[in-house]
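Trainee: Sharing a structure with you now.
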Amino acid sequence: MRAYLDLMQKILDEGTVKSDRTGTGTISLFGHQMRFNLAEGFPLVTTKKCHLRSIIHELLWFLNGDTNTAYLKEHGVSIWDEWADENGDLGPVYGAQWRSWPAADGSVIDQIQKAVDDIKHNPDSRRIIVSAWNVGELDKMALAPCHAFFQFYVADGKLSCQLYQRSCDVFLGLPFNIASYALLTHMMAQQCDLEVGDFVWTGGDVHLYSNHMEQTALQLTREPRPLPTLVIKRKPDSIFDYKFEDFEIEGYDPHPGIKAPVAI
């Protein structure tokens, strides 16, 4: 994943020093895109070890429509703890918007199920979009959606996905985001009897936090290794029926992990 390292270097070379909501400070670029051919390997960063358990469980948590950290904590995933209240609640974050977007008539819209249905029955639609950016509920969310919306595209028997991420912590968050949406694309493709195409990542405010500079410099000294392969061991009845045990990453040989503080 040379493109990931190239982005880090570009931010260091061309970025603007900016303040931010957390008070940490960043070096930031506006607007960047990367494309990953999912048939050529699973895009999991190899220049540091990524916590795959957290990536998989978080995605399953989103797909379940869950917005409480209890499931995550039960499975040893702590990535949302800093934002949860004393009861583990986060407000109507990703899972709620994906699965239960509130409509004007009082009903709710399951955007994920609608996306599956459209991919299967109307694959040429240009409206196969899932949005977490619900303006009317942003104030109720513990954290406004960073990966705000994504679109699916079907061509030549392949399913591609493009994500728009309005705000991106490149050192800590981006490896998770790329792997998570690549995994989702594989799952959706399997459910819809398609091959995988590309995952396209588009970032808005793309930044490195000022307290991640040493870690970034270390990572830039490392040479990327071959990408691993994702194996999905079974095809469940629906996109909502996958289990953690259904996934295996083969051939993942990363450099050692690099710890860094989370900006809250």
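From the backbone N, Cα and C atoms, a Cβ is placed for every residue, glycine too.
Quick caveat, the model's predicted, so the values are computed rather than measured.
Pulled these from Swiss-Prot:
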ACT_SITE  CYS146  active site, nucleophile
BINDING   ARG21, ARG126, ARG127, ARG166, SER167, CYS168, ASP169, ASN177, HIS207, LEU208, TYR209  dUMP binding site
BINDING   HIS51, ASP169, ALA263  (6R)-5,10-methylene-5,6,7,8-tetrahydrofolate binding site
Trainee: Give the three-state DSSP assignment (helix, strand or coil) for HIS207 (dUMP binding site).
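Mentor: Where HIS207 (dUMP binding site) sits, the three-state DSSP reduction gives strand.
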Trainee: Can you tell me which of the recorded positions ARG127, CYS146, ASP169, HIS207, TYR209 is spatially closest to HIS51 ((6R)-5,10-methylene-5,6,7,8-tetrahydrofolate binding site)? Compare CA atoms only.
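Mentor: Smallest Cα separation from HIS51 ((6R)-5,10-methylene-5,6,7,8-tetrahydrofolate binding site) among ARG127, CYS146, ASP169, HIS207, TYR209: ASP169.
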Trainee: Taking the Cβ of ARG127 (dUMP binding site) as the centre, count every other Cβ atom within 10 Å, in any protein chain shown.
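Mentor: The answer is 10.
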Trainee: Taking SER167, ASP169, TYR209 as the binding-site residues to compare, which has the smallest set of other Cβ atoms within 10 Å?
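Mentor: Taking SER167, ASP169, TYR209 as the binding-site residues, the minimal 10 Å Cβ count falls on SER167.
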Trainee: When DSSP states are folded down to helix, strand and coil, where does HIS51 ((6R)-5,10-methylene-5,6,7,8-tetrahydrofolate binding site) land?
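Mentor: HIS51 ((6R)-5,10-methylene-5,6,7,8-tetrahydrofolate binding site) sits in coil per DSSP, no helix or strand.
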Trainee: Taking just the CA atoms, what is the gap between ASP169 (dUMP binding site) and ALA263 ((6R)-5,10-methylene-5,6,7,8-tetrahydrofolate binding site) in Å?
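Mentor: Cα-Cα distance, ASP169 (dUMP binding site) to ALA263 ((6R)-5,10-methylene-5,6,7,8-tetrahydrofolate binding site): 9 Å.
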Trainee: Could you measure between ARG127 (dUMP binding site) and ALA263 ((6R)-5,10-methylene-5,6,7,8-tetrahydrofolate binding site) for me? Cα positions, answer in whole angstrom.
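Mentor: It is 34 Å, counting Cα to Cα.
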Trainee: Between CYS146 (active site, nucleophile) and SER167 (dUMP binding site), how far is it from one CA atom to the other, in Å?
Mentor: 5
Trainee: If I take the Cα of ALA263 ((6R)-5,10-methylene-5,6,7,8-tetrahydrofolate binding site) as reference, which of the binding-site residues SER167, HIS207, TYR209 has the closest Cα?
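Mentor: Of all the candidates listed, TYR209 is nearest in space.
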Trainee: According to DSSP, does SER167 (dUMP binding site) sit in a helix, a strand, or coil?
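Mentor: Where SER167 (dUMP binding site) sits, the three-state DSSP reduction gives strand.
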Trainee: Using other CB atoms within 10 angstroms as the count, which residue among the binding-site residues HIS51, HIS207 scores least?
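Mentor: Across HIS51, HIS207, these binding-site residues, the one with fewest Cβ atoms within 10 Å is HIS51.
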Trainee: Would you mind checking how many other C-beta atoms are within 10 angstroms of the C-beta on ARG21 (dUMP binding site)?
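Mentor: Neighbour count, Cβ to Cβ under the 10 Å cut-off: 9.
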Trainee: For a quick check of packing: other C-beta atoms within 10 Å of the C-beta of CYS146 (active site, nucleophile), how many?
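Mentor: The answer is 18.
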